[in-house]
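Chemist: Here it is: the structure, laid out below.
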Ligand SMILES: *[C@@H]1O[C@H](CO)[C@@H](O)[C@H](O)[C@H]1NC(C)=O
Ligand SMILES: *[C@@H]1O[C@H](CO)[C@@H](O)[C@H](O)[C@H]1NC(C)=O
Ligand SMILES: *[C@@H]1O[C@H](CO)[C@@H](O)[C@H](O)[C@H]1NC(C)=O
């Protein structure tokens, strides 16, 4: 290994801050006017408020809301919703709280008036890992004939291995579970290791661990004067499968579901 290559490898792994974002998508059968409030357990960061509209059956996506993943902060989402089609049952608040990790899963179920909620955590360009705190410079990587793999290490293109990436990865070596992909990875010691790149919903060295989904909770503001059997049925039946879930799994036994009626 020549020293220039070694220097380039070091450069490729230089660390700075972590860098990640939240991306939220929503779907509903109604015309909704909503505000999402993204706040964290850190008092140094003020909450982000984003107003948005939803039209029936159209996916509304809020892109790249910056968040901090590396300090283990708990994030809270609260979505305040005015239902413009059902004014008797407007003012619902949907909340979810979680510690963000890259690729975090959406809730398995959602509440009226939503039928789909997607909560994704992504890393900014050149940042990798569960906490988006592994830096890998793709330009430097390509100068040494490699690329940054899913773990933020230098690796070979998919299916290849070896210092010159000239050999094929044999299926029989691969110990990745749950459809994880076997990838080559050159750490700082420049020794090649086979590692697993896990699909959404799984983590662990061999993708053997299930990543938990987020749970959401809902509170409805209902005008008691207009509260009818139909409304009650609609609200009590309001927990439905999330149309936008990435991985389907059996529902957890404790669906958090609150019905609050304003006593105006
Ligand atoms: C946003 O959420 C935070 C934390 O729950 C709360 O303190 C703040 O008042 C909320 N902001 C608005 C405008 O609702
Ligand atoms: C939304 O889609 C559902 C299912 O595809 C359909 O039944 C419903 O009529 C649609 N609503 C509107 C307003 O297009
Ligand atoms: C919803 O909130 C708005 C503004 O806060 C209020 O004017 C309206 O009466 C509320 N509706 C219900 C059904 O509580």
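Each residue, glycine too, has its Cβ placed from N, Cα and C.
Sharing the feature lines straight out of TrEMBL:
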- 123-132: disulfide bond (DISULFID)
- 136-148: disulfide bond (DISULFID)
- 156-165: disulfide bond (DISULFID)
- 198-207: disulfide bond (DISULFID)
- 121-165: domain 'DSL' (DOMAIN)
- 170-208: domain 'EGF-like' (DOMAIN)
- 1-18: signal peptide (SIGNAL)
Chemist: What is the total of other Cβ atoms whose distance to the Cβ of residue 148 (disulfide bond) is within 10 Å?
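Modeler: So the number of other Cβ atoms within 10 Å of residue 148 (disulfide bond) is 23.
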Chemist: Can you give me the Cα-Cα distance between residue 207 (disulfide bond) and residue 123 (disulfide bond) in Å, rounded to a whole number?
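Modeler: Pair distance, Cα basis, whole Å: 19 Å.
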Chemist: Between the disulfide-bonded residues 123, 132, 136, 148, 198, which lies closest to residue 165 (disulfide bond), Cα to Cα?
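Modeler: Looking at Cα distances from residue 165 (disulfide bond), the smallest one goes to 148.
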Chemist: Would you mind sorting out which of 123, 132, 148, 198 (the disulfide-bonded residues) have a C-alpha within 10 A of the one on residue 156 (disulfide bond)?
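Modeler: Within 10 Å Cα-Cα: 148.
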Chemist: For residue 165 (disulfide bond), list the number of other Cβ atoms lying within 10 Å of its Cβ atom.
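Modeler: Result for residue 165 (disulfide bond): 16 neighbouring Cβ atoms inside 10 Å.
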Chemist: Helix, strand or coil by DSSP: which one applies to residue 148 (disulfide bond)?
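Modeler: Its secondary structure by DSSP: strand.
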Chemist: Roughly how many Å separate the Cα of residue 136 (disulfide bond) from that of residue 123 (disulfide bond), to the nearest whole number?
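Modeler: Residue 123 (disulfide bond) has its Cα 12 Å from the Cα of residue 136 (disulfide bond).
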Chemist: Write down the Cα-Cα distance for residue 148 (disulfide bond) and residue 132 (disulfide bond), rounded and given in Å.
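Modeler: Here the two Cα atoms lie 13 Å apart.
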Chemist: Can you give the mean pLDDT for the domain 'DSL' (121-165), rounded to a whole number?
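Modeler: That region's mean pLDDT is 89.
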Chemist: Check the DSSP secondary structure of residue 123 (disulfide bond), expressed as helix, strand or coil.
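Modeler: Going by the DSSP assignment, residue 123 (disulfide bond) falls within a strand, counted as strand.
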Chemist: By the DSSP assignment reduced to helix, strand and coil, which category contains residue 207 (disulfide bond)?
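Modeler: It is coil.
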